[in-house]
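Visitor: Okay, here's the structure, questions in a sec.
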Amino acid sequence: MTGVTLPDMSSFDESDAFESASLSARAMAARPMPYLNELNPAQREAVERLDGPVLMLAGAGTGKTKALTARIVHLLNTGRAKPNEILAVTFTNKAAREMKNRVGGMLGHAVEGVPWLGTFHAICVKLLRRHAELVNLKSNFTILDMDDQNRLLKQLIVANGIDEKRWPARLLSSLIDGWKNKALTPQKLPAGDAGAFNHRGGELYDQYQQRLRELNAVDFGDLLLHMVTIFQEHPDVLAQYQRWFRYILVDEYQDTNVAQYLWLRLLAGGHKNICCVGDDDQSIYGWRGAEVGNILRFEKDFPGAHVVRLEQNYRSTPHILAAASNVIRGNADRLGKTLWTETEEGEKVRLIGHWDGEEEARWIGEEIEAMQSGTRGLRAMSLNEMAILVRASHQMRAFEDRFLTIGLPYRVIGGPRFYERLEIRDAMAYFRLVVSPEDDLAFERIVNTPKRGLGNVAQQKIQTCARSNGVSLVEGARILLEEKGLGGKGAKELALLLENLARWRGNLIGPQTTLPDDDAVLDDGPDLASPVFDELGGRPTPNAGVAAVGHIELAEIILDESGYTTMWQNDKTPEGPGRLDNLKELVKALENFDNLQGFLEHVSLIMDNESDDAEAKVTIMTLHGAKGLEFPAVFLPGWEDGLFPSQRSMDESGLKGLEEERRLAYVGITRAEEICTISFAGNRQVYGQWQSQMPSRFIDELPEDHVDILTPPGLYGGGFGAASRPTATALDERVANANTYNSPGWKRMQARAGERGMSQPRESKSSVIDASAVSSFTVGDRVFHQKFGYGAILKIEGDKLEVAFEKAGTKNVVASYVTGSDDIPF
DNA sequence: TCCCCATTTGTTTTT
DNA sequence: CAAATGGGGA
């Protein structure tokens with residue numbers, strides 16, 4: 001069925017399949033190794049100690065990526081491993097991409113690349129496709145995103161007669177994610193956990209896993225969970241991979257969760273050639289199940305582990321480094337590192353307070369423009385060299401608004417993602433359904449989009465029919481039509497849809513839902529490493545010539561014939577045109593793939609949207625998103641208690657949460673190379689309400705000697721008091737108490753906030769009548785309503801009024817929507 | 001069945 | 001203040 005035959009895994013071990021690679025590896029052994037000379041002693045040690053367990057403790061900016069990359073190159077150059085015998089795990093796809101490029105660059109010649117370099121998830125997909133049957137899945141399983149996951153859970157909750165209001169699907173979904181992060185299958189779930197979610201958690205989890213199996217689908221957590229299960233229950237399979245992956249490298253080890261940890265430990269169990277790189281101070285994914293403990297106990301897990309510390313920082317100025325170090329020392333339980341640098345003094349960290357968030361955005365905008373033109377007295381910087389790092393994505397809007405009005409080019413990373421947009425998800429659902437007709441979730445999503453007269457009732461019928469026949473919804477719909485269980489417009493439209501789906505499917509190229517018998521889809525031929533396909537899944541399709549239409553045309557046809565494009569063309573909301581543009585972009589993105597299947601897989605895993613356009617732009621992103629990146633100039637706005645550190649984090653995880661927030665602060669500061677500007681605002685709009693804000697307790701932890709307090713005219717607030725600076729010991733004490741509310745800076749700010757009357761409720765349209773006014777209504781009052789006009793109150797029930805309108809008749813309205821007619825202006 | 005608008009809800013962070 | 005949801009009217 002497939003044209004290309006590649007060696008499968010079993011032949012791999014002993015085989016000649018990669019003879020050519022092996023030859024070139026040997027040939028490489030003789031090559032000079034100039035990259036070694038560019039490393040400092042610690043880095044060099046981490047690179048050259050190839051065998052046995054190695055833990056590289058690499059502080060921020062100490063060149064860990066360089067070391068990691070050099071290590072891969074060294075493994076290849078010394079002939080120690082062939083490219084495909086190296087397993088390298090990164091945290092993000094972006095990091096994987098970068099490392100691939102750097103390996104190529106360092107080798108100085110074209111290589112086929114390191115095929116097993118990717119995120120845990122990407123690698124697990126490849127593995128799981130091979131062994132899907134061991135966990136009762138088919139190799140062409142679909143990967144659900146969170147939206148699908150939630151909808152599925154919602155269905156289950158409702159089916160179990162649980163009130164979805166009180167027990168929302170989102171909660172269950174996060175519980176299940178948590179369990180999966182800990183590698184807990186429903187069977188292994190401790191009784192305490194199973195009792196969560198109104199005593200039904202374990203049960204629902206079990207049902208959910210079962211349902212996923214029926215749908216031949218997995219969610220994100222399953223990718224790892226299933227592989228761990230497979231490794232645990234099939235020693236032969238595990239042994240095969242232990243032999244295959246002779247060297248293992250792991251980046252961002254501090255962010256691995258239990259499942260990932262188990263996965264690694266199993267794989268490295270044989271040879272123990274594992275090198276983990278991480279920085280406990282940069283562990284910021286605890287909320288996602290990451291266990292800092294993994295890095296802390298590495299030496300116990302791998303006795304005789306060699307620990308290398310990278311402490312020379314090449315990124316930031318001493319001031320920036322000092323600020324970061326002083327903040328992070330407030331955390332207990334650190335492995336402890338002493339970062340040092342030889343770079344020049346540079347600017348102190350700058351701290352500034354503002355009246356409100358708007359002013360903060362305005363000031364930063366001006367500052368960016370000044371820095372861009374060099375009027376700051378510093379070198380002129382490109383916008384590409386500047387970034388604004390926020391705690392939560394909703395903070396981005398203020399900057400977008402401001403930059404839009406002043407025409408400052410910016411790029412948002414990690415905002416609302418392309419593939420999460422409604423129209424893209426709809427389009428993708430069509431594609432999914434064409435690729436796998438059994439994808440019930442996709443079917444549900446698009447049966448009635450665009451409107452086909454198939455509402456709740458009709459859909460219910462399809463569901464019932466499918467269920468009673470034990471088939472997919474598409475098939476169920478077909479049977480339903482056959483049995484004439486549906487009439488009218490809906491029936492006709494449904495028939496047309498099914499017909500279309502079948503026809504589109506006929507035009508599909510590439511491997512379809514039938515299983516590839518020789519694993520050609522999964523294996524890694526050289527092309528997997530080509531730039532176009534470097535993520536995964538986008539493998540050139542064998543026998544591509546068979547089909548009449550290319551997949552790009554097919555996609556266009558699908559969107560066209562389904563009426564989906566038309567639907568948006570007829571849409572009169574302002575978003576319409578933008579949505580059509582997005583659809584065009586989606587089709588364009590297909591160009592990088594050879595078939596729809598590959599594309600769908602890509603999308604399900606690659607959630608970072610790269611937009612590397614030529615124009616220089618300021619980057620706006622979250623602190624989490626900034627990990628691993630660096631910028632000459634960094635702005636850190638919103639350092640206010642409750643926002644950063646986030647109230648929720650502290651409420652939910654207490655001191656642990658606060659410490660994670662502090663690490664986030666550390667990550668933020670250490671992103672800066674030359675200039676780091678921290679700011680806070682005294683007032684901020686939260687949920688549309690004005691709230692007065694306290695400066696972040698982290699501000700009190702900044703070392704005064706390394707901080708410049710900027711005081712532009714009209715500035716409100718201003719950080720710590722100059723005279724009453726806490727000494728280092730006082731600081732230690734405060735930190736130990738984990739309570740900075742007593743610091744001088746704190747009190748000072750509080751006093752200022754009060755005296756300036758910082759919280760000033762603002763009038764808003766919807767509060768023309770507030771709660772007190774509501775009670776002032778009396779039956780018989782004449783009132784005015786925006787839509788219905790004038791009327792008289794017939795009845796009052798709490799805040800609900802029954803009003804007889806003169807033109808619109810009698811309506812029930814909420815009191816806040818009407819005005820007493822006396823209050824009406826003009 | 002669909003559309004509109006009133007009402008509720010939510011904001012960390014993401015592979 | 002949004003976006004998402006849900007109820008009522010056409």
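Placement of Cβ uses the backbone N, Cα and C atoms for every residue, glycine included.
Sharing the record's features from TrEMBL:
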| type | residues | note |
| --- | --- | --- |
| BINDING | A:ALA58, A:GLY59, A:ALA60, A:GLY61, A:THR62, A:GLY63, A:LYS64, A:THR65 | ATP binding site |
| DOMAIN | A:37-317 | domain 'UvrD-like helicase ATP-binding' |
| DOMAIN | A:318-628 | domain 'UvrD-like helicase C-terminal' |
Visitor: Taking the recorded ATP site as A:ALA58, A:GLY59, A:ALA60, A:GLY61, A:THR62, A:GLY63, A:LYS64, A:THR65, identify the other residues of that chain whose CB atom sits within 8 Å of the mean position of the site's CB atoms, giving them in sequence order.
Guide: A:ASP279, A:LEU310, A:ASN313, A:TYR314, A:ARG315
Visitor: Please work out the number of neighbouring Cβ atoms within 10 Å of the Cβ of A:GLY59 (ATP binding site), leaving out its own Cβ.
Guide: 27
Visitor: Neighbour count first, Cβ atoms within 10 Å, every protein chain included; then name which of A:THR62, A:THR65 tops the list of binding-site residues.
Guide: A:THR62
Visitor: In three-state terms from DSSP, label A:LYS64 (ATP binding site) for me.
Guide: helix
Visitor: Could you tally the C-beta atoms, other than its own, that fall within 10 angstroms of the C-beta of A:GLY61 (ATP binding site)?
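Guide: A 10 Å sphere around the Cβ of A:GLY61 (ATP binding site) contains 23 other Cβ atoms.
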Visitor: So which of the binding-site residues is most packed in, judged by how many other Cβ atoms lie within 10 Å of its Cβ, out of A:ALA58, A:ALA60?
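Guide: For the binding-site residues A:ALA58, A:ALA60, the Cβ with the most other Cβ atoms within 10 Å is A:ALA58.
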Visitor: I'm checking region-level scores; what's the whole-number mean pLDDT for the domain 'UvrD-like helicase ATP-binding' (A:37-317)?
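Guide: When the pLDDT values over the domain 'UvrD-like helicase ATP-binding' (A:37-317) are averaged, the result is 90.
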